[in-house]
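The next block holds one structure in the form of C-alpha cells; read it before the comments.
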Amino acid sequence: MKVTSYRDAWVEVSLDALTYNVRQFKNHLQEKSRLMAVVKADGYGHGAVPIARRSLEAGAEYLGVAFIDEALQIREAGILAPILLLGFTPSYAVREAVRHDLTLTVYSTETLEAIKDAARSLDKKAKIHIKVDSGMSRIGLRSSEEVISLMTSLQTEEIEVEGIFTHFADADNDESDAYTYKQFETFQGIMEALENEGYSIPIKHCCNSAATIAFPDMHMDMVRVGISLYGLYPGQHLKEILSLQQVMSFKAKPVLIKDVPPHQPISYGLTYETKETSKIATLPIGYADGFSRLLSNVGHVTVHGTACPIVGRICMDQSMIDVSEVQTDVTKDDIVTIFGDENAGYIPLDVVAEQMQTIHYETVCLIGKRVPRHYV
C-alpha cells in the first residue's frame, strides 16, 4: 500500500535524537567493542532504511535484522554495511542471503549444504555467526560439545565463521543480575572450550540494550542495541546510567470539535457518558493505526500542554478526546500528541504501554503503515 499524507495523523521520527543515542552508546562502550544497530521490525516501527542509514552515519558498524526480507529492503536502498540475520534463514533463502553479502545465524547443520552450495556457485565466502542458547531456551546450541561439533562441520573454504553470540533473557531485571551472570558464564565456558580445541572466532557478542547499559564488563567484541537505539529503556533503573532521547512521537489533528450536552454517550457500546457539557474532539486515528482500544476511557493525549482524556471506545479509524480543560480554544489546526518526549511535557511511551497492558517495544511496532513517518 502506498503511504500518503492525506490524513492529519503522523509519526515524527527525530534523526537528531537517534544520532544522540548512537553517540551515547559509542561513548559508553568498552574500547574494542563495536555497535550493532538492530533495525528489525522496520526499525521497531520507525522505518528501517532511514534508521539504518543515520545509525551508520552516527557511528554504528553493523546492522541486525530478524529475517532476510528485512535485510533485502536495506540492501535495495543501497546500504552496504554488514547485516546479521538474527533469526533462522531457511535453505531456500540462503542463496539470496549469500548473494547480498548477508551474515547468517547458524545453530545446526540443517542449512549447511545450502550455504556451501550457494557460496560455491556465487564464488563468494558465506559469513556466519553461531548462535548459543545460554539460557533463553529459544534458538541456539546448548553445550560446548554441540558447538564444537558444528564448528568442525563449518571448516570449509566456502564458509567464514565470523562470529558467535548468545542472548540474555533477564538483563533488564533491576532486582537480581544472577541469571544474566549465569548465562554469561555459560557463554564464556563455551568460548573457552572452543579455544582449547584451537578455534578462534573474531566477533563474540551477548549484550542486548539492557546488558549494554548495565553490564559493561560483558560488552565483548560487539553489542546489539535495539529498543534503546530509539531512546527507550528496557527498565526504569537504566535511566540513571545512560541518558537517551526518545526518537518517536505520534501526532494528529482534530477533524471536528463540538460541544456535547450532559449525559450523552460517546462511541460504541456506550461505555462513556458526559457528566456536563463537554468539548469533544474527534481524531482521525484508531486501533487500525496502533492506537489501542485498551486506551479507551483510560489513556490521555496532550493538547497545548494539557492532558486530555480519551473518552469512549477507540474505533478502527477514529477516536474521541475531551478537550474541555484546555485553556485556549482548540481548532482543527492544533496538534494533538498521543505520546512524545516526556522532557518536552508529553505523555511518555512507558505510560501509554502500561495502559495498553504491554511493553513499549510492542507499542511502537503496532503503529500501522498507513500512518506516515516524518523524519525531522
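Even glycines carry a Cβ here, placed using N, Cα and C.
The following features are taken from Swiss-Prot:
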ACT_SITE  LYS40  active site, proton acceptor
ACT_SITE  TYR268  active site, proton acceptor
BINDING   ARG138, MET316  substrate binding site
MOD_RES   LYS40  N6-(pyridoxal phosphate)lysine
Discussion item. Sequence gap of 6 or more, Cβ distance under 8 Å: name the residues on the same chain that satisfy this around TYR268 (active site, proton acceptor), in order along the sequence.
Written reply: GLY312, ARG313, CYS315
Discussion item. Under DSSP, is LYS40 (active site, proton acceptor) part of a helix or a strand, or is it coil?
Written reply: helix
Response to the item:
Counting Cβ atoms within 10 Å of each Cβ, the densest environment among the recorded positions LYS40, ARG138 belongs to LYS40
Worksheet entry | C-beta crowding around MET316 (substrate binding site), within 10 angstroms | 13
